[in-house]
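Asks: For reference, Swiss-Prot lists these features for the protein:
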type	residues	note
MOD_RES	MET1	N-acetylmethionine
REGION	1-46	region 'Disordered'
COMPBIAS	20-46	compositional bias 'Polar residues'
REGION	236-296	region 'Disordered'
MOD_RES	SER262	phosphoserine
MOD_RES	SER266	phosphoserine
ACT_SITE	ASP309	active site, nucleophile
ACT_SITE	ASP311	active site, proton donor
MOD_RES	SER438	phosphoserine
MOD_RES	SER472	phosphoserine
Amino acid sequence: MEEEQDLPEQPVKKAKMQESGEQTISQVSNPDVSDQKPETSSLASNLPMSEEIMTCTDYIPRSSNDYTSQMYSAKPYAHILSVPVSETAYPGQTQYQTLQQTQPYAVYPQATQTYGLPPFGALWPGMKPESGLIQTPSPSQHSVLTCTTGLTTSQPSPAHYSYPIQASSTNASLISTSSTIANIPAAAVASISNQDYPTYTILGQNQYQACYPSSSFGVTGQTNSDAESTTLAATTYQSEKPSVMAPAPAAQRLSSGDPSTSPSLSQTTPSKDTDDQSRKNMTSKNRGKRKADATSSQDSELERVFLWDLDETIIIFHSLLTGSYAQKYGKDPTVVIGSGLTMEEMIFEVADTHLFFNDLEECDQVHVEDVASDDNGQDLSNYSFSTDGFSGSGGSGSHGSSVGVQGGVDWMRKLAFRYRKVREIYDKHKSNVGGLLSPQRKEALQRLRAEIEVLTDSWLGTALKSLLLIQSRKNCVNVLITTTQLVPALAKVLLYGLGEIFPIENIYSATKIGKESCFERIVSRFGKKVTYVVIGDGRDEEIAAKQHNMPFWRITNHGDLVSLHQALELDFL
């Protein structure tokens, strides 16, 4: 009975064990049963042992739901087990258990073909690479490497594709292809529908044109050295409408995925825009120069243009008249000034007699072709310039005016006739100025030039070495900019024997507009891709050169001319 009173103090047990315990206790407490079955005595004698085993203080009952799926592996638990990992569908390649690489690899973006992949057709289904024929994955298999695309326009575009790419076991590289576009069956992309990935685009069977330029594609990817998964390569393509597609090789570059940075149609070069804009902004009085600019067939081949000042740079003339040269170099002032005056007389003789300086003095031009647009091309072989009634005292070269006789259309045509005749005379006698002079004046000119060459210590001869060296180069040209009026400057060039060095279209007068504006006109003619070198002695050309970021070579003495020639010989200039 004492044992029955102690039962409530025992700990709680499982249902089956409680029943077995109660039966054992009832058998022990029943004397009748113990008398009939001797085995019960042995059970009673062993009761303390069973109480010692069954007594457990830390045993907690559990329900069947408390056991994990590890104990019941035969039963699938969708909420516990992870999603089966997709495996590669390509034969002959290693099976990977995870979608993440165990070892990080750096990404090296490159625009060329990556790691030996053939440039055409290697990424398309059915093409045979080195590893064998690429099989199109079936719907029951999952491809490790897939390409996802996003449509950026509602219209059918040939630039949106999804296709399988051969996996790489080492590096994850950005893939760029310019191969011929082909239609990919929808089954090649439908295999990814069972995977837990974002939405994929299924291709239709639209027909596209055979080929498009590679500049319309952009590749997106990581650009840092962090670890990158090789299981998914996302490629985005940006394209224009096929009707306006045009190649743009000069603008090709890798896109970062932003459509605004993708290459588009090829655009005009800045230098051409600058040339066109500068020509449109020119005033009407400079219309004629376009014809002269178009006559030069070698302008596009030029690499360097040398802009020369005339007086005190190539020739010594003004300092002869003022006597400053005689004072600087210790020469006889009377002889020096006399030689200068004689040369000045011959210059104006040629200008007045043969180059219409009396008519053109008041309507001077910057360039000989500035009024060529007003020339109607009339034959001038029998034309009388002395009786055509032209007077240049009031015209001042103003264009576009039709009021009265001076400055009108007829007046402008007669002015253009004279400048056309000046050009013809210059071209005819640029290598033989003696044809414009009488025999006596021709001999006088020869003596005068020899005398000036002695007085100036062969200044002109030293400068000619550099001029001839530049002229011998096919990609270089000499251009003359002088502050003398155009017609006297042409006469001066002829009399000093420089006609073959400077064609008339390469001579500019800065009397009206200044040297800086002359430089602008020359730059608009030859373009900004050409290198310009300014050679002179004055502050005006130095300032103009600095304004246009042109190198300036100062000439102040004979040594500067010698150094210039040495620099040219060594190809420094």
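Including glycine, each Cβ sits where the backbone N, Cα and C put it.
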Asks: On the three-state reduction of DSSP, what should I expect for SER472 (phosphoserine)?
Replies: helix
Asks: Taking ASP309, ASP311 as the active-site residues to compare, which has the smallest set of other Cβ atoms within 10 Å?
Replies: ASP311
Asks: I need the CA-to-CA distance for the residue listed as 'active site, proton donor' versus SER472 (phosphoserine), whole Å please.
Replies: 23
Asks: Including all protein chains shown, what's the count of other C-beta atoms within 10 A of the C-beta of SER472 (phosphoserine)?
Replies: 8
Asks: To the nearest whole angstrom, state the Cα distance for the pair SER472 (phosphoserine) and SER438 (phosphoserine).
Replies: 33
Asks: Tell me the Cβ neighbour count for SER438 (phosphoserine), meaning other Cβ atoms within 10 Å of its Cβ, over all protein chains shown.
Replies: 9
Asks: How big is the gap, in Å, between the Cα of SER438 (phosphoserine) and that of ASP309 (active site, nucleophile), rounded to a whole number?
Replies: 30
Asks: What kind of secondary structure is ASP309 (active site, nucleophile) part of, going by DSSP in three states?
Replies: coil
